[in-house]
Amino acid sequence: MMELEGEKPNYGEPRKYDPTFKGPIYNRGCTDIVCCIFFIICILGYVAVGILAWSQGDPRKVIYPTDSRGQFCGQAGTPLETKPLLFYFNIMKCASPMVLLEFQCPTTQMCVEKCPDKFMTLLKAYANKEDFKYYKNFCKEGLEGLTVTQILSSGLCPAMLTPSKPFTRRCFPALDQKKGGEITVGNNSKFDDGEGNIRDAKDLVAGVKNATVVIEARQVVMKIFEDYTQSWYWILIGLVIAMLISLLFIVLLRFLAGIMVWVMIVMVILVIGYGIFHCSMEYVSLKSEAGSNVTLKDLGFQTDFSVYLHIRQTWLAFIIILAIVEVVIILLLIFLRNRILIAIALIKEASRAIGYVMSALFYPLFTFALLSIVIAYWAVTAVFLSTSNQPIYKVFNDTACDHSRKICEPANFSTSSMKAECPDSKCLFAFYGGETVYHKYLIGLQFYNVFLFFWCANFVTALGQMTLAGAFASYYWALVKPDDMPAFPIFSSLGRSLRYHTGSLAFGSLILSIIQIIRVLLEYIDHKLQGTQNKCTKFLLCCLKCCFWCLEKFIKFINRNAYIMVAIYGKNFCTSAKDAFFLLMRNMIRVAVLDKVTDFLLFLGKLLIVGLVGIFAFFFFSGRVKAFENTAPNLHYYWVPILTVVVGSYLIAHGFFSVYAMCVDTLFLCFLEDLERNDGSAERPYLMSDRLLKVLNKKNKPEPAE
């Protein structure tokens, strides 16, 4: 095969032959000590933030609805334990625009055992002993001896009750729409508001709409949560299947690398082809169904995502996307057919290396465990930080009042000057906040939590990359395998990485984290400016997002290769990054031909596993296989477990294939150095395998006869 020679512009001097070099250097010192110390200080600060958040936060604010006194409805061990639902005295006041600003209706709210199920006014209920007994379930205490007028003026009871249903632990009027568009509540289109006025049921719509706008998304979240509770067992089975397929694939790749790569290529084409066929059949079958020709634009956003599967345009979009992917893959395979042979040789060599370092296959489990700890710590800290505010009470009034929306204290509000100047006003719970130093810098603590999450997650990933790189480099540079390799390559490499190079790992992950935080901020700004019509701003923001996306990919590439050089030579991060970059630039053509084609083949492997498990999950959860029709759980959205299984399968496959990818990258960098250090002579023989020598049209010259 034709030799692949890369151009060698001025990117530093090629590596010179060193007879003492035997692979990863053992006599090394600590690198990037300043960054190591800074990282440790930041971790200690992160622990302090967590302790502070846990001491101030209260997750009950997320779980339970809160009444006008700031008490939690339905909380165990409190007087409100048996009253889990929140009841609004006058739901129509929720039509105020203030609801959208402060997420709070300007009406009294109290915890109740169950929602009202009948029409009733205080005036009529007061005259009937049984009715008034029922009515008092929705009133405050202290009604004895008071007249109807006194009760209403004191705000102890609502003027009326309407039939309601619980929704996200809140009582909302049981509105219904009959044929012709007539709105009813409790089968009535008119009702008495308790103040002598006959109101239309449509008047309740605005209040309910505004009251639910803040929690509308929670309906979807709650349904998704219910789906998870119904399907978690089957999701785990799907993920276990993905893990077993990934493990089987890796084992087969170890012994049958060449055959498995070609089988993988053919299978990917067939799986995507089947996807196109299935989508086409669905598209044709919907032709005769009424309403299936509605466009996605006309349909708009629907919380019930299964609606989209009854639209022909959805399946047409799937067909187009899959067809494009199929064509792109086939074209790449045609144009890269010769390069694929070289990449297969590199994968075979990686398989051989993994055969000597079998423990590397299980290292992703260690990385996964560390990442789980990081994610769990971040999530718990975020919840406690977001719930560490104190209840804030504000003045609410139906009429004009100078003190409206001002902060008040419910304990002494009845005797305050605010109440005297605004007799109709009420001091109600508004939201959670605070004026202390802690609350003033709360947003800073939340930002610190997010930033340290990115930094720690990237550090864990970097540790895995350097550990695997050190283990596989010790394999490559061993003259006699496995005699010249450490007894436990993974543990030896992990120990070196933590003992000497924590600073370098922290430095590289810090750079990447800063870029990721900037990308998050750009996404946040983009979300806030969605309504703007300034095209220049949109264009600038789009350019910045694109540039930082490219920069993140570049930094990940540099970091990955820098960690390999640190693992081998034990130099600091910047020097290693420069050496790796120059080495790759001196061999640009080989990088494009070998490394990237190999990455493409490994990506096809991940795609195959995701496709197989995804197809199985689709037919199971959608109930399209009669054998499993009664076994599959009944779900609101069957795409929830399908999507979870697909994403989880990709992450699992990525975890297993990341070992191969890191092995390939390490061997690739090592054999580039091998080509520069050695020339194949008896004094300077190549250390790469005979298979790679043959692919690259290189050979070691025999020792001269004596």
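Just so it is clear, glycine is given a Cβ too, placed from its N, Cα and C backbone atoms.
As given in Swiss-Prot:
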- 1-32: topological domain 'Cytoplasmic' (TOPO_DOM)
- 33-53: transmembrane segment (TRANSMEM)
- 54-232: topological domain 'Extracellular' (TOPO_DOM)
- Asn187: N-linked glycosylation site (CARBOHYD)
- Asn210: N-linked glycosylation site (CARBOHYD)
- 233-253: transmembrane segment (TRANSMEM)
- 257-277: transmembrane segment (TRANSMEM)
- 278-315: topological domain 'Extracellular' (TOPO_DOM)
- Asn293: N-linked glycosylation site (CARBOHYD)
- 316-336: transmembrane segment (TRANSMEM)
- 337-364: topological domain 'Cytoplasmic' (TOPO_DOM)
- 365-385: transmembrane segment (TRANSMEM)
- 386-454: topological domain 'Extracellular' (TOPO_DOM)
- Asn397: N-linked glycosylation site (CARBOHYD)
- Asn412: N-linked glycosylation site (CARBOHYD)
- 455-477: transmembrane segment (TRANSMEM)
- 478-504: topological domain 'Cytoplasmic' (TOPO_DOM)
- 505-525: transmembrane segment (TRANSMEM)
- 526-599: topological domain 'Extracellular' (TOPO_DOM)
- 600-620: transmembrane segment (TRANSMEM)
- 621-638: topological domain 'Cytoplasmic' (TOPO_DOM)
- 639-659: transmembrane segment (TRANSMEM)
- 660-706: topological domain 'Extracellular' (TOPO_DOM)
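Among the recorded stretches 257-277, 365-385, 600-620, 639-659, the one sharing the largest number of Cβ pairs closer than 8 Å with the transmembrane segment (316-336) is 257-277. Non-local neighbours of the transmembrane segment (233-253) in the same chain are 260-261, 264, 347, 351, 354, 361, 605, 608-610, 612-613, 616-617, 620-621, 632-633, 641, 644-645, 648-649, 652-653, 655-657, 659-660; each lies 6+ residues outside the stretch with a CB under 8 Å from one of its CB atoms.
Sequence-remote contacts of a segment are chain residues at least 6 beyond its ends whose Cβ falls under 8 Å from one of its Cβ atoms, and for the transmembrane segment (505-525) they are 32, 35-36, 38-39, 450-451, 454-455, 458-459, 461-463, 466, 497, 541, 544-545, 548-549, 551-552, 555-556, 559, 562-563, 573-574, 577.
DSSP labels the residues of the topological domain 'Extracellular' (526-599) in these numbers: 63 helix, 0 strand, 11 coil. Per-class residue totals from DSSP over the topological domain 'Cytoplasmic' (337-364), listed helix then strand then coil: 27 helix, 0 strand, 1 coil.
One residue stands out among the glycosylation sites Asn293, Asn397, Asn412 for having the most other Cβ atoms within 10 Å of its Cβ: Asn397. The topological domain 'Extracellular' (660-706): residue composition by secondary structure is 24 helix, 0 strand, 23 coil, according to DSSP. Look at the topological domain 'Cytoplasmic' (478-504): DSSP puts its residues at 15 helix, 0 strand, 12 coil. Averaged over the topological domain 'Extracellular' (278-315), the predicted model reaches a pLDDT of 74. As a quick check, the transmembrane segment (455-477) and the transmembrane segment (365-385) clear the bar of 3 or more Cβ pairs under 8 A, pairs 6 or more apart, so the two touch.
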